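Have a look at the structure below, then the notes.
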Amino acid sequence: MPAGLPGQASVAVRLSCDVPPDARHHEPRPGMTDHPDTGNGIGLTGRPPRAIPDPAPRSSHGPAKVIAMCNQKGGVGKTTSTINLGAALGEYGRRVLLVDMDPQGALSAGLGVPHYELDKTIHNVLVEPRVSIDDVLIHSRVKNMDLVPSNIDLSAAEIQLVNEVGREQTLARALYPVLDRYDYVLIDCQPSLGLLTVNGLACTDGVIIPTECEFFSLRGLALLTDTVDKVRDRLNPKLDISGILITRYDPRTVNSREVMARVVERFGDLVFDTVITRTVRFPETSVAGEPITTWAPKSAGALAYRALARELIDRFGM
């Protein structure tokens with residue numbers, strides 16, 4: 001089980017130095033809360049946000065709840081949310097495993113891992129029976145959070161698996177031996193509805209759908225919910241939508257407010273109270289190779305992902 005990678009620390013240090021020192025760890029603006037409101041106690045979703053206290057520490061760990069972070073539309077903050085939700089869960093004492101199921105390797109890169117240099121990744125786990133999760137596991141620098149990395153090699157997996165018996169359950173079989181070590185497994189699915197994404201959905205307890213507040217996202221949301229229904233009927237009876245996360249929300253625009261209203265009207269309580277607003281902080285964290293919870297721990301983005309973690313723990317009761 002590799003505890004790190006040659007050159008990883010130096011890459012991370014170099015990336016961190018590329019960002020001006022005064023860009024880090026700004027204090028929050030006066031009046032900033034975990035759930036910004038629009039006045040009269042109404043949150044950005046148009047509903048009064050629930051007050052969820054910090055979760056109690058866990059005396060033991062596992063078996064993990066497996067959650068797919070999924071949206072076939074790219075650029076909705078899916079990978080950013082996977083990293084930062086995982087880091088926030090780790091802050092609350094939950095052990096988290098992140099699984100990068102995107103050949104672009106954005107999740108791995110977002111944690112400062114030079115994924116393009118790796119000899120073994122999730123691709124090897126899926127297509128080589130003798131390679132296990134432990135053979136590719138990386139202990140990240142983030143507290144309580146491990147990573148199963150990916151790179152461009154994964155793009156060949158769909159073709160390599162197409163003739164395999166039980167190909168949709170390949171990831172489930174690989175994850176099963178490690179579930180007792182973790183409280184949450186977050187799978188960062190690629191922005192498509194191909195075999196890799198179906199593998200992610202087929203082994204999960206639920207799916208979180210990050211979606212940005214734009215009208216084009218509404219149609220993608222409908223298509224994805226149809227796919228979830230099909231996977232539930234054919235492959236994974238326990239699959240359900242754990243929540244819909246609104247990202248890149250700008251309360252100043254009519255478009256954002258109208259899309260928010262439509263999503264809440266359609267999906268009701270499935271929409272998380274936590275809303276991720278637009279901020280320059282997230283691109284900075286991608287360059288630094290660390291979550292916003294450590295890069296700018298008092299920023300609005302960090303507070304939001306901690307609030308999301310509390311909501312998720314409350315929904316799953318763990």
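Note: Cβ is positioned from N, Cα and C throughout, glycine not excepted.
These features come from Swiss-Prot:
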| type | residues | note |
| --- | --- | --- |
| REGION | 19-63 | region 'Disordered' |
| COMPBIAS | 21-37 | compositional bias 'Basic and acidic residues' |
| BINDING | Gln72, Lys73, Gly74, Gly75, Val76, Gly77, Lys78, Thr79 | ATP binding site |
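Feature annotations (Swiss-Prot) mapped to structure.
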{"residue": "Gln72", "record": "ATP binding site", "Cβ contacts under 8 Å, 6 or more apart": "Pro191, Ser192, Leu193, Thr197, Gly220, Leu223, Leu224, Thr227"}
{"residue": "Lys73", "record": "ATP binding site", "Cβ contacts under 8 Å, 6 or more apart": "Pro191, Thr211, Phe216, Ser217, Gly220"}
{"residue": "Gly74", "record": "ATP binding site", "Cβ contacts under 8 Å, 6 or more apart": "Pro191"}
{"residue": "Gly75", "record": "ATP binding site", "Cβ contacts under 8 Å, 6 or more apart": "Pro191, Glu212"}
{"residue": "Val76", "record": "ATP binding site", "Cβ contacts under 8 Å, 6 or more apart": "Pro210, Thr211, Glu212, Ser217, Thr247, Arg248"}
{"residue": "Gly77", "record": "ATP binding site", "Cβ contacts under 8 Å, 6 or more apart": "Pro210, Glu212, Leu245, Thr247, Arg248, Ile276, Phe282"}
{"residue": "Lys78", "record": "ATP binding site", "Cβ contacts under 8 Å, 6 or more apart": "Met69, Cys70, Asn71, Asp188, Cys189, Pro191, Pro210"}
{"residue": "Thr79", "record": "ATP binding site", "Cβ contacts under 8 Å, 6 or more apart": "Met69, Asp102, Ala106, Leu107, Gly110, Asp188"}
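Report note: the ATP site is defined by Gln72, Lys73, Gly74, Gly75, Val76, Gly77, Lys78, Thr79, and the residues of the same chain whose CB lies within 8 Å of the CB centroid of those residues, excluding them, are Asn71, Pro191, Pro210, Glu212. Secondary structure at Gly74 (ATP binding site), taken from DSSP and collapsed to helix, strand or coil, is coil.
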